[in-house]
Amino acid sequence: MKVASIFLLTALVLMSLSGNSGANILGREAKCTNEVNGCPRIYNPVCGTDGVTYSNECLLCMENKERQTPVLIQKSGPC
């Protein structure tokens, strides 16, 4: 009984540590709006999954309109 309890506790700890770790590997989609007049000139950098730092999410969205494969946001801030 004691061995089973230790095994169960160890399994629960390992599962909680693994959690959602794979969700951030690819990145998240940019929140794109239909900017008719272009993007705002606000510097709020994001790092794309292509390794490029974009000045803001809007500029990443504009880049995605030109690409076949969309770039995701790997992290907030510069690459």
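Any Cβ shown, glycine's included, is placed from N, Cα and C.
If you check Swiss-Prot, you get these features:
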SIGNAL    1-23  signal peptide
DOMAIN    26-79  domain 'Kazal-like'
DISULFID  Cys32-Cys61  disulfide bond
DISULFID  Cys39-Cys58  disulfide bond
SITE      Tyr43, Asn44  site 'Necessary for sperm binding'
DISULFID  Cys47-Cys79  disulfide bond
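Looking only at Cα atoms, Cys58 (disulfide bond) sits nearest to Cys32 among the recorded positions Cys32, Tyr43, Asn44, Cys47, Cys79.
Nearest Cα neighbour of Cys79 (disulfide bond) among the listed recorded positions (Cys32, Tyr43, Cys61): Tyr43. Across the structure, Cys32 (disulfide bond) and Cys39 (disulfide bond) are spaced 11 Å apart at their Cα atoms. DSSP assigns Cys47 (disulfide bond) to a strand in the three-state reduction.
When secondary structure is read from DSSP and collapsed to three states, Cys79 (disulfide bond) falls in the coil class.
In this view, the densest Cβ surroundings among the recorded positions Cys32, Cys39, Asn44, Cys61, Cys79 belong to Cys61, judged by other Cβ atoms lying within 10 Å.
According to its DSSP assignment, Cys58 (disulfide bond) is helical. Under DSSP, Cys39 (disulfide bond) is assigned to coil, being neither helix nor strand in the three-state scheme.
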